[in-house]
């Protein structure tokens, strides 16, 4: 599937120049798990002393690799770590066989890299319910370890793509205690996007040092403001995994440093928004800003109700300023709202207030606004100080085309 | 929009022959609220002694007519009742002007029919947020009252259509205490279908007598098993209204009669399923049966999660037996599940059990099954005795086409 689709019109101009992160090396290879003629396995190996944090899908039907990673997160960081990811097959709902695949891969990676098996993390993304032909991956392990290189992060980003139309990367640099620290991450994701914890596959690396437990807290907190604020189609993957590795190679401890947290937030938000920009069939990137809700939690419920409404998303696809559907989505969300206190803006255009269309509203202004590729829809609930911002895309014919025959 | 679309391939062969319900008369007219060249207003007038029950959307942005109806339900039944419905404009999110429209219509209908204003119920369906040109309706009131006839129920069903591709009617007859009792109902609905109480517009009439309070309880109970078990697109209307009128003309009190409740359930389920069969762009009618859940409530959460999943619905549109997406939808629902206890059947085909694909499963069998127009997907959660069945349709290109330019 990947490669067959035209690149999303919302894609960035190109893959960003990522800084080399000291203490981690990457490699990618063609294992032929499912796709032909492209890379489909990536390996990352981190030096001893690396702290590893991770957040994962809350799905009750989590994949075997996710369960294995969850059991391992939080372990000692003095022996290095490794991450192996394949695309084309999710190794999800594959019963006992799925667990055997994970065990076989972890054992082989441990043996090939010298990293203890308890510090080898894996992920698989692609079709659910088919056995993972892990022998094909094991057969490429020597190639992978032989190719490990500090600068091969873009190759890793390409190897984990499924229906993605472009590889996703982001980076930031920040000075901490007089030392330069780099953060760089990659992500994949395009459909089945409605994170309930982390979403999709995301791997972020930094050469800062960071206390293991504090890193886990920071990652969870920032995930709630980034990856948990995006949705393409309201469907939540069985495989969502987000890992953050702090190698310490820059020789500075960033634990608790606000500048580091801010830079990391920027990288995570950029990657999350890139996933939306590659939403299956997307032609519009939409920011939904809800303010004035009874609480932040209520604001997010309203925002996600708007962002997930098929009628709102198809209206956006049709460039129709159908704000009545925004009213509908607020009304059905289940969070507190008062019809007569709502204020709705499309960009700078005041559309509705006090329970009805604004007297100054002219549909032709809104229609012109809707032709843009980047849209902001702002709703003030008029009840309190709760706020949330989420990001989504439109729902188009191409989404149907991609998903009505993904496996065919 | 209505009339421009081809009739749904899932439509019944034709509109059913409905029995005449003693004690109620119908009329329809062309008021030109929005549509041209078709009827868009219906009036029903019930004799004194009619009990009227109603359930309505729980949306926080309910329309003015819904709020008015909710205030009136439960009133005395000794002076008759009337229902006026227009299509083309929902009179929702229209502020003070919306309330004035409702008041003007109720006053005029009361004056034209002799029914007290507190027993005049209205509904409006169509575009949200535009003022209802109620003068056009008032101008047709004399025509409507002059045309009132006991057998004009199909005309009423046609007048309330919006994006519906066929009018919806259903009837049952049942003997109670030696007397023949008839039940007949009409419905409209096609998109914005994910009832959270009643859904869409539904009007059911019977010539049985029935205690007012008991009728309300019966209607609410049966709604939970019919209209609250369907979904087209997970979007809940601001205007959903379901009313049940028992005229008593058959001179028999059906209060508490199980045969009556069963017949009424049949009519409601038929109408609810017809709404799904007219789901915007639908080409498949899908029954989702969930058993073995921890509770009935959990079963319904799982069933609705499957029925609303865009990825499940597009797979069905593509005739792809992608049962992995069913696993995904169970996993994300939030209700209790254990990956390794799930059993999934497509029709009679055992697809998956014990956390993996069944050893006897052959994809070609499932692919053949998916070509059918009426599909049953059954999931046993393996945890308890909770069960629920819901009905939905597939998600197709035509849904996008209809909704990307509904207002244009």
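Sequential numbering from 1, following the chain as shown.
Cβ coordinates are placed from backbone N, Cα and C, and glycine is handled just like the others.
Just so you know, TrEMBL annotations are computer predictions that nobody has curated.
Fair warning: this is a prediction, and the values are worked out from it, not measured in the lab.
Pulled from TrEMBL, these are the features on record:
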| type | residues | note |
| --- | --- | --- |
| BINDING | A:162, A:188, A:199, A:280, A:403, A:408 | substrate binding site |
| ACT_SITE | A:199 | active site, nucleophile |
| query | Of A:162, A:188, A:403, listed here as binding-site residues, which sit with their C-beta under 8 angstroms from a C-beta of chain B? | reply | A:403
| note | Across all protein chains shown, the one of the binding-site residues A:162, A:403 with the most other Cβ atoms within 10 Å of its Cβ is A:403
| query | What kind of secondary structure is residue A:403 (substrate binding site) part of, going by DSSP in three states? | reply | helix
| task | Look up residue A:188 (substrate binding site) in the DSSP assignment and reduce it to helix, strand or coil. | result | strand
| task | Would you count the other CB atoms within 10 A of the CB of residue A:280 (substrate binding site), including those on all shown protein chains? | result | 28
